[in-house]
Every structure is written in structure tokens, then in C-alpha cells.
Amino acid sequence: MNPEAILPASLLYGILLLALTAYAILGGADFGAGIWEFNTSFRSHRRDRQLLREVIGPVWEANHVWLIFVLVILWSAMPRVFQHLCVVMWLPLLLGLAGIVCRGAAFIFRAYSPVENSVTRASTVLFGLASTAAPFFLGTVVGGILTREATNPRLSQTAWLNPLAIYSGFFAVAVCLYLCSVFLFREAGLRHERFLMEIWRSRAMLSGVWTGLLAMAGLAFISSEQPEMARRLIWGDSPLVLLSWAGGMFSMVALYFRWPLAAVLASVLAVAAVLWGAGLAVSPATMIPEIPLDQLVAPPSVLWAMLVAIAGGMLLLLPSLAWLFWLFKSSSALDHEHLAHSSHP
């Protein structure tokens, strides 16, 4: 590889992983809210459903900016990789995108309907199904990248149907459920809703155990099917999977002792570490080994121009997103306080 391209390509790959991490955590919690609402809609308390619907605001749709950001980096900095993934993984990518679009449409139809009717009920069902489908199919893409089988263009119709890719889809759904329940545990605490805190604490612990069992099963499967990949994941230069395990265990301890902020931080660490562990275990060169790395990345001048553009864009994007979240958070808090006062004259 051209020595001049090593540094900018490495920096852009790190930025890509950062954007994926932001999407997995923020977008994952958003998807999880839709999954939880659908699963609990027939047996949950009214205040429970109200908390979910208040927390899921239009602001969360802004999280998809990180997915767009990842795609832009891929097709600009690594065009051959982007082309390859669009050929091999076109179907799960299309289904994941359809889930995101249907989810947003269902949310709008339900949220702004003045009365509850068949349309709002159908929208709630669609919202839950789409919230499940989107992370599942996006997870199969990630799992497919981890397998050499899925990087063979001759298997473009069935590459994403290999066992590791399907497992990754279910694991992504479990992670979304876990993140959302931990976040809502803290959100209920901020609103001084002890009853809801206990509900979401129980759900967080249940989904945490389930996600942990899935993670261990996945590592066992990878160890048997792809021992070299397992070695890089667990015992590589940066054993981030072990850090993820430690974060997951501490989040369960924090949930047990009712430490909301610690539980959120530990769960975020667990998800981020496993994602970075997978990202460092693979690289563009391993996705398409028959093509030299020089031909996979853009010229150094393009890579450096992208880094400058990203640095300038982040100066606008990050403060804007922070302000957007603050505005919706403040509005939600004021509405909650108004409802509390009106219900207790």
C-alpha cells in the first residue's frame, strides 16, 4: 500500500467505526423502544406506554445521520469496498432501509392522529415490526462482513444467509432491547417514577442476561467455525471483547444496586467495545482479499480532503445535534411536569 495513504486511510476507518458506534448506541436504543412497545402493548401499564411514547421523539430519527455518514465515508474513501458490499449484501441492506422508512412513517401516522382508530393501531404494529426488522437486517450485514463466505461475489444472492450473519441479526435485536431498557431505567429515575424504574430495571436485567448468553453462544460458534477470527476478536492486539464482557457484567451489577448512570455508561461501553473489537478484527483488505489494498481505497489527496471536510462538518453537526437533543429533552421535561401538576391539584 502507498505509505502516504496509510495514515489518512487509518484515520478514516477509525472515524467510520466511531460513527457506527454512535449509530449502534443511539439508533439501537431507538429501535429497542419500538420493539419493547410492540412486545408490551397488550400487557403494560398505561404510564409505561406513556413513558415509551414520550421518550421516542422525532429527534431520535436524527440518529440515522450516522448511518448516512458511514455510507458517505465508504463510497468516497473505499469505493471498491462500497461497491462490493452493495453487490453482495444488497438484499439485507434494502430490507434494513425499508424497515427504517416504514418505522418513521408509522411513527408519524400514530403520533399525530387526533384519535385512536384502526390506522393508529395498524401503525403501532408496523412500528414494532419495522423496529425489529431494521436492526436484524443491518446486523446480518455486519455478520456477513465477518465471514469469508459473504465476501464472495458469486454468492451474492445467499451470502447473508450464512449462520453467523443470521446470528448477528438476532444479536443486534437483543442489543437494541438491552440498551433501550437501560436507558429507560435511567429516564424513569430522572422523572422520579419509582414504579417505572422497577419495571425497566427488571426488563434490563432480563434482556442483559439474554444478550450475554447470545454473546457467549456467538463466541463459541465463531471459535468452532472460524478459529482465526475468534483469536483476533478475543486475544488480538486490543482484546476489546473481554472489555465488553467486563462492561456487560458491571452494568448488571449497577442494575442490581440501582445505579442508573453507571448502568448506562457500562452498557454503552459493552456495546462499543464489542463493535470496535469486530471492526479491528476485520479490515477492507480482508473483505476482498483478492484485490490489493491500493485499489480498495481512494488516492491520498482524496483521503486528506475528506478528513478536512469531516473536521469542518463536525464543528456544525455535533453542536447542532446536542442542541436538538437538549430542546426535545427540555420540552419533554416541561410537558411531564405540567401533566404531574395538572393531575395533582
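Note that Cβ sites are derived from N, Cα and C of the backbone, with glycine treated the same way.
What TrEMBL says about a protein is an automatic prediction, not a curated fact.
Per TrEMBL, the feature transmembrane segment maps to 12-38 (among others).
The transmembrane segment annotation in TrEMBL covers 59-78 (among others). Tertiary proximity for the transmembrane segment (59-78) is limited to same-chain residues at least six positions away from its ends with a CB under 8 Å from its CB atoms, namely 9, 12, 15-16, 19-20, 22-23, 26-27, 30, 33, 85, 100, 104, 107, 284, 296-298, 302-303, 306, 317, 321, 324-325, 327-328.
Taken from TrEMBL, the feature transmembrane segment applies to 90-112 (among others).
Positions annotated as transmembrane segment by TrEMBL: 124-146 (among others).
Beyond its flanks by at least six residues, the transmembrane segment (166-185) meets 24-25, 28-33, 35-36, 51-52, 55, 131-132, 135-140, 142-144, 146, 196-197, 200-201, 203-204, 207-208, 210-211, 214-215, 217-218, 221, 251, 255, 260, 263-264, 267-268, 271 of its own chain at Cβ-Cβ distances under 8 Å. Feature annotation from TrEMBL assigns transmembrane segment to 166-185 (among others).
The annotation transmembrane segment is assigned in TrEMBL to 205-222 (among others). Residues 146, 163-164, 167-168, 170-171, 174-175, 177-178, 181-182, 229-230, 233-234, 241, 244-245, 248, 251-252, 255-256, 267, 274 of the same chain lie 6 or more positions beyond the ends of the transmembrane segment (205-222) yet place their CB under 8 Å from a CB of it.
Through the fold, the transmembrane segment (234-257) approaches residues 182, 185, 201, 204-205, 208-209, 211-212, 215, 219, 263, 266-274, 276-277, 280-281 of its own chain, all at least 6 residues removed from its boundaries and within a Cβ separation under 8 Å. If you look up TrEMBL, you'll see 234-257 (among others) marked as transmembrane segment.
The transmembrane segment annotation in TrEMBL covers 264-282 (among others). Nonlocal intrachain contacts for the transmembrane segment (264-282), taken as residues 6+ away from its ends with a CB within less than 8 angstroms of a stretch CB, comprise 13, 17, 20-21, 24-25, 28, 142, 145-146, 175, 178-179, 182-183, 186, 208, 215, 229, 232-233, 236-241, 243-245, 247-248, 250-251, 254.
Per TrEMBL, transmembrane segment is recorded for 302-328 (among others).
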